[in-house]
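I have placed the structure first, in the form of structure tokens, so that the comments after it can refer back to it.
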Amino acid sequence: MNFKYSFLAILIVICSFLSCTKAQVEPEIDPNRKGEITLNFDNIAGTKDLKLGENYTNAAGEQFNLDMFQYYISNIKLKTEDCREYVVPQDESYFLVKEEDTKSQLITLKNVPEGNYNSVTFTIGVDSLRNTMDVSKRTGVLDIGNAGMAKGMYWSWNSGYIFVKAEGISSQAPAGPDGQRKFRYHIGGFGGYSSKTINNIKTKTLDLGRDRAKVRQGKNPEVHIIVDVLKMFSGATNISFATHPTVMFSPFSVNIAANYVNMFEYHHVHNEQ
Amino acid sequence: MKNKLLLIAFLVFAFISCQNQNIEPEVQFYVPKNFPQPVYDLSKNPVTTAVFALGKALFYDGILSRDGTISCGSCHQQQSGFTQHGHDLSHGIDDLLTLRNSLPIQNLAWQKEFFWDGGVFDLDLFAVSPIEAHNEMDETLPNVLNKLRNHAKYPSMFEKAFGTKEISTERFLKALSQFQLMCISANSNYDKYVRNEGVMLSTEELTGLQLFKQKCATCHSGELFSDFSYRNNGLPVGNPEDTGRERITLNEQDKYKFRVPSLRNVEATRPYMHDGRFRSLEAVLDHYEKGIVQSPTLDSQLKNGIALSTDEKQKIIAFLKTLTDEEFMNNRLLSEF
């Protein structure tokens with residue numbers, strides 16, 4: 001029994017030694033030097049690349065196409081294999097990824113300390129603090145008067161940002177007054193200002209497994225993240241366009257948020273040689 | 001020569017006096033003596049004459065709406081205590097009806113949340129809502145900013161107010177806030193009475209005040225005549241879609257609760273309630289006396305209604321009319337023309 005334990009202890013020591021040396025055998029890493037890293041949010045639908053206007057089928061068996069799909073990514077944190085954490089400065093850590101805008105799908109972070117990164121954490125949506133900040137702190141994609149925001153990622157009647165927005169057409173959705181069979185999902189809710197209400201702020205950590213995003217001065221690795229929109233409509237609750245064609249600020253929205261936290265998946269990394 | 005000197009002296013004098021007349025007093029925010037400290041953080045948006053002037057121009061300009069027809073002043077008319085006179089539900093663009101009766105713009109620096117349901121918690125963020133509501137101004141904020149950028153007079157007004165011609169969301173919203181912050185109503189007969197400024201209330205009004213304190217001031221408390229809480233005051237459900245505070249909190253217990261409104265200038269802000277269903281103060285008091293409808297979220301204070309005799313109602317109304325602030329509703333500083 002003793003032997004078993006000492007064996008285990010030795011094993012742990014060796015392991016930790018190995019993982020320690022690993023960092024040491026790469027002497028080129030100097031956290032004081034800065035590089036860049038790009039997160040590529042690649043929207044897909046199941047096995048296909050997502051294209052606005054193309055037909056797909058959800059888990060409930062309903063055909064649909066999207067004419068809008070966009071979401072906030074914020075509060076990004078990166079972790080190296082030797083557990084150093086890099087937190088992107090708060091004011092620079094808000095991004096709006098839009099399917100209609102390819103450039104918005106590439107989030108490039110600058111001034112990142114050199115390191116072998118194996119974990120990426122981000123918020124899907126906008127944290128509650130920023131939701132209540134002075135208008136001077138709402139710049140860039142958070143600027144409610146910015147034309148890029150014109151498609152309304154903000155509820156003006158119930159102050160707060162919309163975190164994820166998906167709109168499209170499904171022949172199973174009921175026809176509206178204009179005859180169109182639209183579905184609209186505007187998911188937000190930061191928990192309430194003076195009274196508690198729904199909180200759909202979700203945090204996601206993506207583990208790169210055995211892969212490393214090697215950030216070095218002058219090198220910009222690209223972490224490829226796939227975002228499967230079908231998972232927004234399936235999971236613990238399968239979403240039917242027929243029964244829930246419109247979900248906005250409502251208790252049901254928490255089911256969609258619980259689904260979409262699972263639509264983000266790490267795929268691969270490109271390291272620059 | 002002597003005549004010439006006299007003429008010059010006269011001209012100089014005339015010039016100076018003309019100049020004097022042109023100097024408008026500096027616009028300054030102030031806290032009336034009988035008021036508490038404001039909720040709005042004025043240090044992040046200090047009121048100045050130039051920013052106020054910009055905010056006032058924006059407030060009265062239809063450029064904020066899609067087709068140029070609706071300004072903030074359309075639904076918030078100074079003569080009616082900055083409400084829309086004679087409408088139960090306010091009318092917006094294309095004469096579309098809105099959900100509710102427009103609230104007065106007064107003493108907003110003392111208010112922590114806005115709208116009947118408290119959906120907006122920062123005065124600076126308020127204006128986006130009427131601008132973008134399809135049945136109010138039906139415009140987008142980015143579009144408004146672009147129209148202002150291409151306007152003949154606004155870029156220089158922004159420069160005068162903020163130092164550069166840049167027209168940003170923050171500058172636009174904070175200028176509008178400044179106009180609203182300056183809508184301070186604190187010169188009613190009641191105010192002058194409580195501040196001992198030489199105004200006496202009549203016996204009827206004073207009795208009304210005492211009755212008001214006993215029967216109404218639990219909710220309409222303090223010098224702003226509201227505790228700014230959300231309550232169900234026993235109205236029969238009008239529009240079942242409009243569940244009031246519940247729309248914001250999604251909490252069943254907030255169903256059909258609306259904010260307790262201030263009663264300042266209440267005489268001028270007819271009709272009453274969130275949907276403007278009562279056309280007179282008599283009708284309001286009749287409701288509290290005998291119109292209360294029981295429901296799960298009815299305010300516990302109102303379970304048995306409020307006992308009020310006809311005589312008591314008259315006296316309370318006499319008191320409520322002492323809250324009318326004619327100086328405020330006729331203040332040239334705040335008026336459109």
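Here the Cβ of each residue, glycine as well, is placed from N, Cα and C on the backbone.
Predicted automatically and left uncurated, TrEMBL annotations should be read as such.
Residues or ranges marked as signal peptide in TrEMBL: B:1-20. Feature annotation from TrEMBL assigns heme c 1 binding site to B:Cys72, B:Cys75, B:His76. TrEMBL lists B:203-324 with the feature domain 'Cytochrome c'. According to TrEMBL, the heme c 2 binding site annotation covers B:Cys216, B:Cys219, B:His220.
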Rounded to a whole number, how many Å is the Cα of B:Cys216 (heme c 2 binding site) away from the Cα of B:His76 (heme c 1 binding site)?
26
Name, in the order they occur in the sequence, the residues of the same chain whose CB lies under 8 A from the CB of B:Cys75 (heme c 1 binding site) and which sit 6 or more residues away.
B:Thr83, B:Gln84, B:Ser90, B:His91, B:Gly92, B:Ser102, B:Pro130, B:Glu136
Would you mind splitting the domain 'Cytochrome c' (B:203-324) into helix, strand and coil residue counts from DSSP?
51 helix, 10 strand, 61 coil
Integer average pLDDT (0 to 100) for the domain 'Cytochrome c' (B:203-324):
97
Check B:Cys75 (heme c 1 binding site) against DSSP and tell me helix, strand or coil, would you?
helix
From the Cα of B:His220 (heme c 2 binding site) across to the Cα of B:Cys72 (heme c 1 binding site), what is the distance in angstrom?
27
Counting all other Cβ atoms within 10 Å across every protein chain shown, which of the binding-site residues B:Cys72, B:Cys216 scores highest?
B:Cys72
Could you state the whole-number distance in Å separating the C-alpha atoms of B:His76 (heme c 1 binding site) and B:His220 (heme c 2 binding site)?
22
Which one is it: of the binding-site residues B:His76, B:His220, which Cβ has the fewest other Cβ atoms within 10 Å in this structure?
B:His220
Taking the mean position of the Cβ atoms of B:Cys72, B:Cys75, B:His76 as the heme c 1 site, which residues outside that list, in the same chain, have a Cβ no more than 8 Å away, listed in sequence order?
B:Phe59, B:Ser71, B:Gly73, B:Ser74, B:Gln77, B:Phe82, B:Gln84, B:Ser102, B:Ile105, B:Pro130
